[in-house]
Amino acid sequence: MKAERTGAWLLLASVTIATFGMAWDIQWHTDVGPDTFFTAPHLVMYLGTAATGFTSLAVVLHRTFRRNDPAVRTVTVLGTFQAPIPFLVAGLGAAAELLYGLTDLWWHTVYGFDATPTSPPHVAMSLCVLVETVGAVMAFASLRGTRSGRAGLAVYAGVAAYAQVFLLLSTPKLPLVNEFFFAVALMCVLGMVLVAAVTRSPGLVVVTGLSFAAVHAVTWVTVPPLTRAYAGWIDLPIRDFVTGSPAYASFSPLAMLPVAVVVAGVLALGKRFGSVKGAVMLTGAVGAALLTLGYSVQFGLMDGTTVAITAVSGAVMGLAAWRMGAPLRNLSEV
């Protein structure tokens, strides 16, 4: 499974590159505006996507033309290719995202340049990234018997959660709650509990929080000055109203790391005292409530109703995420 292990870590590197490019592209649209397909932020973003696609293709070709490994489950594609399922899923997601990238180029040509997450091409590309994430999570889950597989899953979950905040900016209006706070909190709970469910190691949830915080900090600190420097290099002016604050990082939850520590602690106590079902439901409720409360403080929008409803929904999400771990754990069983 050496090829699959290498491929999984390359998928992690790819999503990190793509996420940085996405944050930079959003900052560019906010601070500068005009761009082309070949603007540096676009190229970095699509470089990450292309790397996901080529990594997946390389693993499929390796498994097709080398002797089959009985420890690797594959499916036959087009009657010839032996594709490990995780890399088939990730590769198809990357291919679709690149195709939608052409649609995005057409959209901007017709309607002008925008940074709204709710344009059809942006939503479609974000959904493709979600498919890539599913494939990569499957790739690391199939390696859960190794230390690198478990650690890689935890790190990937944090980076992927940060990237998916963009998709959740398009969450439709919901009654009674702030739909963005609600969706991000549940997504983060899903990621953290899923890591614990697959690895059976609550401590790795903290690694997920650390990876989220790391990519959050890097984009917060580097993207605004990089945008100004690149605009000056190609002789484009910065907009008058720009304050220099990070556009994408500002929308992401600052409370993710401390909440991950709390989630890990609750899960560890549940594991110690043998009450897993109760622990994951409590974890989901507490984690979702704390993330929503953190968002309320971050944006200065205190909303007790959203916190309460998100906590109840978080309990359900925590249990669902734990049960999702079962089929992912089975990926490593032959």
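Any Cβ shown, glycine's included, is placed from N, Cα and C.
Listed features, source TrEMBL:
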type: TRANSMEM; residues: 43-62; note: transmembrane segment
type: TRANSMEM; residues: 83-102; note: transmembrane segment
type: TRANSMEM; residues: 122-141; note: transmembrane segment
type: TRANSMEM; residues: 153-174; note: transmembrane segment
type: TRANSMEM; residues: 180-198; note: transmembrane segment
type: TRANSMEM; residues: 205-227; note: transmembrane segment
type: TRANSMEM; residues: 247-267; note: transmembrane segment
type: TRANSMEM; residues: 279-298; note: transmembrane segment
type: TRANSMEM; residues: 304-322; note: transmembrane segment
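Long-range contacts of the transmembrane segment (43-62) within the same chain: residues 3-4, 7, 10-11, 13-22, 24-25, 77, 81-84, 87-88, 90-91, 93-95, 97-98, 101, 129, 132, 135-136, each at least 6 residues beyond the stretch ends and with a Cβ under 8 Å from a Cβ of the stretch.
Below 8 angstroms of C-beta separation, residues 137, 141, 144, 150, 153-154, 157-158, 160-161, 164-165, 168-169, 171, 174, 204-205, 207-209, 212, 252-253, 256, 259-260, 263-264, 267, 280, 283-284, 287-289, 291-292, 295-296, 303, 306, 309-310, 313-314, 317-318, 320-326, 328-329 of the same chain, each at least six residues beyond the ends of the transmembrane segment (180-198), sit close to that stretch. Recorded stretches compared: 153-174, 205-227, 247-267, 304-322; the one with the most Cβ pairs under 8 Å to the transmembrane segment (279-298) is 304-322. For the transmembrane segment (153-174), same-chain residues at least 6 beyond its ends with a Cβ under 8 Å from one of its own Cβ atoms are 11-12, 15-16, 18-19, 22, 26, 117-118, 122-123, 126-127, 129-130, 133, 136-137, 140-141, 143-144, 180, 182-184, 187-188, 191-192, 194-195, 198-199, 204-205, 207-216, 248, 251-252, 256.
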